[in-house]
């Protein structure tokens, strides 16, 4: 029988419910259990695919092409298990299905209501696709008390009532704010959060308390008394310097064993060798390398969450700290770039959409190429790299991307040529996007082939434009190597400038497949080049 664990949050948002769910999944996995982690988001968007990165953060793409919340990236990175479209749902997707079914007459003329019809869809999502798993961990987005989340809390209340405690566990994550003037952690917000949860019929079984300093036994006992939870099941979650220290911190707090004890499951030893190795590597990371991220969504670093993590994974691999330097691409000019990129060891241009900030980004790419600084362009970053090369190396001064709808020589063109600009609307925007994992063939003896140690790979994509193959010959005459292609050879996947120290652009998103214990080969090689550049300068 599968066991369900629901992770909810209170007091404030962004407490780390996703990291808690991912950490618990990893810890249970380390004991030999099969675990699936899912995210239920209360917002009305069908998925985050069309949301502004400044509003939502990164859109995490799964192998099967689902555009999901960045928390699924945490789930994958911690467990090593690929997420899929069945691991994420939103209120928007629920209402979309509900209204479609209502129009088709599937409700047989009854009055369609939040209870039971919306809650039934939520329950079906949670209770479906459970075969082969010992635990299903469901993270409920937002905080208790949010009006958008009420149907989700009602649905999991009903599930808990049906399955009873033998197969259902509620974990509630709260904040214990530290008031410096009083020199104490405040428990009152946690009391109110638990009270709000109980008011809708859910009594938390485990209370995870986030705090910036250690929680004393006296404070734990007080929380236990006031929240009516045994002190054994009040788990401290103290701030950590690095997110990869969180799972072991939870293990040291006994979270995994408490879950097993609650379910009356025999406690087995944990195999955590690879995580202890990560911790040791982090402790041994005394040297650092400076990487500039040329960002158009610089106001919210979570817009590049997987890129940041993938760089850290490569840093862990080499026992180096990655010192990220965030550069607002809109503010870059020929006049200030020397100052902005002073003492930089590597330049990375991540994915993005739209014309804004492209001028400054192209200036940064030119700076990397002409100064022989290690460069890594991802998706849009690769596309802009080809435009920079066309304009400044080959001499095609009017080189443009078709995405911006301007006159010029289209170095970057639509994947689907039959899709006119006027047809690209919110309604069919998904149909124009190449989403998910696709195979890619590599050319032997190239940077890419040497990095992957294979000629056949699979990587995840999220784009609707590609390199115009009509210009391949002229690019090759100027020293550019096309080292990766889609299986039908229609889409250029990787470009390289082998005469430079390390200059690589990829059409896909390698950051989505990087793990802390298995850094992505391209990020490994990029950081290696940056380390060597640092030593030479």
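For all residues, glycine too, the Cβ spot is worked out from N, Cα and C.
Since the structure is predicted, the reported quantities are computational estimates derived from the model, not experimental observations.
If you look up Swiss-Prot, you'll see 1-265 marked as region 'Amidoligase domain'.
The Cβ of residue 13 (CTP binding site) has 11 neighbouring Cβ atoms from other residues within 10 Å, across all protein chains displayed. Look at Swiss-Prot and you will find 13, 146, 147, 148, 222 tagged as CTP binding site, backed by sequence analysis.
Packing around residue 222 (CTP binding site) is summarised by its Cβ count: 17 other Cβ atoms lie within 10 angstroms of its Cβ, all protein chains included. Marked as UTP binding site by Swiss-Prot: 13, 222.
Under the heading ATP binding site, Swiss-Prot lists 14, 15, 16, 17, 18, 19, 71, citing sequence analysis as support. Under the three-state DSSP scheme, residue 17 (ATP binding site) falls in the helix class.
Reduced to three states, the DSSP call for residue 71 (ATP binding site) is helix. Other C-beta atoms found within 10 angstroms of the C-beta of residue 71 (ATP binding site) number 27, with every protein chain shown included. Annotated Mg(2+) binding site per Swiss-Prot: 71, 139, in sequence order, evidence recorded as sequence analysis.
Under the heading domain 'Glutamine amidotransferase type-1', Swiss-Prot lists 290-536. Within the model, the domain 'Glutamine amidotransferase type-1' (290-536) shows a mean pLDDT value of 93, rounded to a whole number.
Marked as L-glutamine binding site by Swiss-Prot on the basis of sequence analysis: 352, 380, 381, 382, 383, 403, 464. Counting only same-chain residues six or more apart in sequence, the Cβ atoms lying under 8 angstroms from the Cβ of residue 382 (L-glutamine binding site) belong to 467, 494, 495, 505, 506, 507.
As annotated by Swiss-Prot, active site, nucleophile applies to 379. Taking Cβ-Cβ distances under 8 Å and a sequence gap of 6 or more within the same chain, the neighbours of residue 379 (active site, nucleophile) are 350, 351, 352, 461, 462, 463, 506, 507, 508, 509.
Annotation source Swiss-Prot lists active site at 509 (among others), citing sequence analysis. In this view, residue 509 (active site) is surrounded by 23 other Cβ atoms within 10 Å of its Cβ, with every protein chain counted.
Residues annotated as active site in Swiss-Prot, with sequence analysis given as evidence: 511 (among others). Counting every protein chain shown, 27 other Cβ atoms lie within 10 Å of the Cβ of residue 511 (active site).
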Where residue 383 (L-glutamine binding site) and residue 511 (active site) are concerned, what is their Cα separation in Å, rounded?
17
Spatial neighbours of residue 139 (Mg(2+) binding site) that are distant in sequence (at least 6 apart) but have CB under 8 A:
7, 17, 18, 21, 37, 38, 39, 40, 71
About how far apart, in whole Å, are the alpha carbons (Cα) of residue 381 (L-glutamine binding site) and residue 222 (CTP binding site)?
53
Nonlocal residues around residue 16 (ATP binding site), in sequence order (Cβ under 8 Å, 6 or more apart):
173, 210, 237, 246
Got a sec? Which of these binding-site residues, 14, 383, has the most Cβ atoms within 10 Å?
383
Which of these binding-site residues has the least crowded Cβ, counting other Cβ atoms within 10 Å: 15, 19, 147?
147
What Cα-Cα separation, expressed in whole Å, is found between residue 15 (ATP binding site) and residue 146 (CTP binding site)?
15
Consider the recorded positions 19, 380, 403, 464, 511 and say which one has the Cα lying nearest the Cα of residue 222 (CTP binding site).
19
